[in-house]
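Swiss-Prot annotations:
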- 1-20: region 'Disordered' (REGION)
- 1-10: compositional bias 'Polar residues' (COMPBIAS)
- 40-126: domain 'RRM' (DOMAIN)
- 193-230: repeat 'WD 1' (REPEAT)
- 232-289: repeat 'WD 2' (REPEAT)
- 302-343: repeat 'WD 3' (REPEAT)
- 455-496: repeat 'WD 4' (REPEAT)
- 513-556: repeat 'WD 5' (REPEAT)
- 571-609: repeat 'WD 6' (REPEAT)
- 695-721: region 'Disordered' (REGION)
């Protein structure tokens with residue numbers, strides 16, 4: 001019979017009272033939230049203790065600080081008094097919105113009120129949540145100190161004796177990291193299934209490999225690629241590292257919903273799309289709602305929206321990060337506190353895009369520190385379009401350029417910040433035809449002069465500066481004919497400055513290659529060599545390998561240019577979608593990703609001169625990612641010395657290559673010898689077993705001879721033994737013939 005209340009003994013009732021069941025975990029899980037209506041309140045501690053008659057004066061002084069981050073009033077500030085009519089050193093403040101309360105905590109916590117007092121600002125519900133009875137142990141317990149564990153060397157791959165580079169391969173549900181072995185098959189470092197759910201991405205200096213999951217982002221590193229950091233951002237879709245790997249930006253289309261008990265994300269991230277993280281601590285610095293961009297002119301229909309990415313753009317030294325609210329402003333934040341520079345955004349009517357200089361530039365005649373930012377605005381009413389260069393942190397406009405009949409503008413900084421090319425697409429007055437001209441700002445020269453390249457007759461569809469150089473390549477195309485099934489041909493143009501003593505002359509056209517299908521430009525990270533290719537095409541797959549400093553004879557017409565152009569080789573890779581140079585500029589990988597099409601996916605390895613080293617068809621191939629290298633630690637003088645002795649080093653490298661080939665050949669010969677010896681040993685062993693069987697059956701050693709075997713059979717029969725002869729018929733061939 002099942003037990004009931006009536007059948008319980010008195011002892012059972014008392015045992016239930018003595019051993020009370022602990023429901024604390026269930027209470028915490030299903031606790032009713034009482035935060036509604038109190039999320040606009042903050043508690044400010046660290047205030048001066050003043051008498052009642054000075055309280056209003058202190059409140060008015062405090063309001064100056066509070067109203068910089070939100071809106072409140074004297075009536076919304078409550079400062080309690082004790083029995084002696086003295087304030088207690090804290091106050092309760094109500095803001096108009098929860099967002100203002102969050103801003104007060106973020107921006108005012110830890111800021112000085114005066115020389116002797118520092119504000120400590122917390123949300124009221126945080127104090128209620130964490131200070132509730134039972135949440136904090138009244139008795140101090142020293143934290144447990146974990147035993148020291150030596151961390152892995154995050155740049156161990158740079159110590160490879162052969163100075164090899166690594167790359168990551170993403171195919172199917174597997175991601176692997178491999179050593180590049182030139183002509184030989186790559187050497188596996190690690191290969192894991194389900195390492196990432198979306199994509200993999202290296203950090204800019206190669207320290208971390210990022211994997212992206214529905215729960216957030218994880219960073220991996222060290223010789224064994226162990227987990228280094230994780231950043232919880234539900235349904236994250238895009239990530240971006242800062243140039244020095246100090247910060248990480250994550251984005252999701254879904255607003256964040258912070259779950260109860262989440263240890264890293266707080267109410268500040270609730271409803272946001274973007275988080276800026278500190279990689280060293282793994283903590284969020286600040287979160288934001290994303291801004292959409294309009295995809296183009298609206299016309300009669302509602303303009304399409306697209307994601308603004310990267311949402312935040314970093315200065316070269318990571319001291320500043322900026323985001324744009326299209327058509328309105330640029331907001332510049334100071335790191336690491338993520339405070340708005342000057343407490344206000346830069347209002348720019350109509351702003352369409354901006355770009356930081358990729359390097360810290362020293363302009364002629366300017367001694368103070370600055371970072372440069374370039375932006376452009378379209379034509380508004382009778383006002384012309386404008387390109388401007390701003391100095392940060394002063395926010396001073398140091399150069400402007402007015403433009404007319406502008407359809408679109410693209411900003412291209414040279415890698416050292418020496419130039420910024422403004423690619424201007426202009427329409428005719430009738431707006432029936434388009435053409436492009438280039439406005440090149442010479443940033444390091446006094447006054448930032450602008451050089452105009454207006455010799456282009458068609459529209460530029462691609463432009464790329466030489467890394468650490470002063471040459472560039474561009475691709476132009478004519479206007480597409482309405483209804484035409486074939487896209488118009490393209491032309492590839494190479495530009496270089498004129499020779500002008502020690503100075504850099506004007507940019508001049510070296511050569512134009514007509515009637516091409518090329519649409520992409522890939523410079524070697526070391527400059528000089530460039531691949532001009534056709535990617536994402538269904539009909540053309542050519543890759544042209546060019547040398548801008550060919551050591552052969554120079555054409556007479558190009559003797560005044562700081563370049564000697566030479567086509568080294570043209571190859572094809574069917575279905576090519578991506579081209580990637582290794583960090584040293586020695587190897588190029590072309591790949592065909594399943595993310596674009598499903599025909600002949602895989603990757604091919606080439607030298608800088610276009611010689612194909614290997615072809616690697618790979619089922620469900622997705623990504624090929626060279627591991628970046630950090631900047632060299634050698635000084636400019638040491639680098640100069642290395643270049644000077646390069647021929648001597650080359651002899652050593654050639655000797656090492658020959659030795660490696662000899663070792664490889666020796667390994668092949670040794671393997672063949674080993675296989676031959678194993679075969680000879682097997683033959684010997686089989687012969688010995690055969691001889692033992694012959695002895696057992698009384699067969700002579702020469703029984704393999706047919707004549708001797710026949711005589712042996714006759715002898716056996718004479719001795720009275722029975723010999724069974726088996727005849728086996730085997731049909732060799734059948735044919736059917738019809739007669740008559």
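Cβ atoms here come from the backbone N, Cα and C positions, even for glycine.
Distant neighbours of the repeat 'WD 5' (513-556): 461-469, 471, 473-475, 487, 489-494, 496, 563-581, 583-585, 588, 590, 596, 606, 608-610; these residues of the same chain sit at least 6 beyond its ends, with a Cβ under 8 Å from one of its Cβ atoms. Of the candidate ranges 193-230, 232-289, 455-496, 571-609, 232-289 contributes the most Cβ pairs within a distance under 8 Å of the repeat 'WD 3' (302-343). Per DSSP, the secondary structure of the repeat 'WD 5' (513-556) breaks down as 1 helix, 20 strand, 23 coil. Each residue in the repeat 'WD 3' (302-343) has a pLDDT score, and their mean in this model is 91. Counting residues of the repeat 'WD 6' (571-609) by DSSP class, helix then strand then coil, yields 0 helix, 18 strand, 21 coil.
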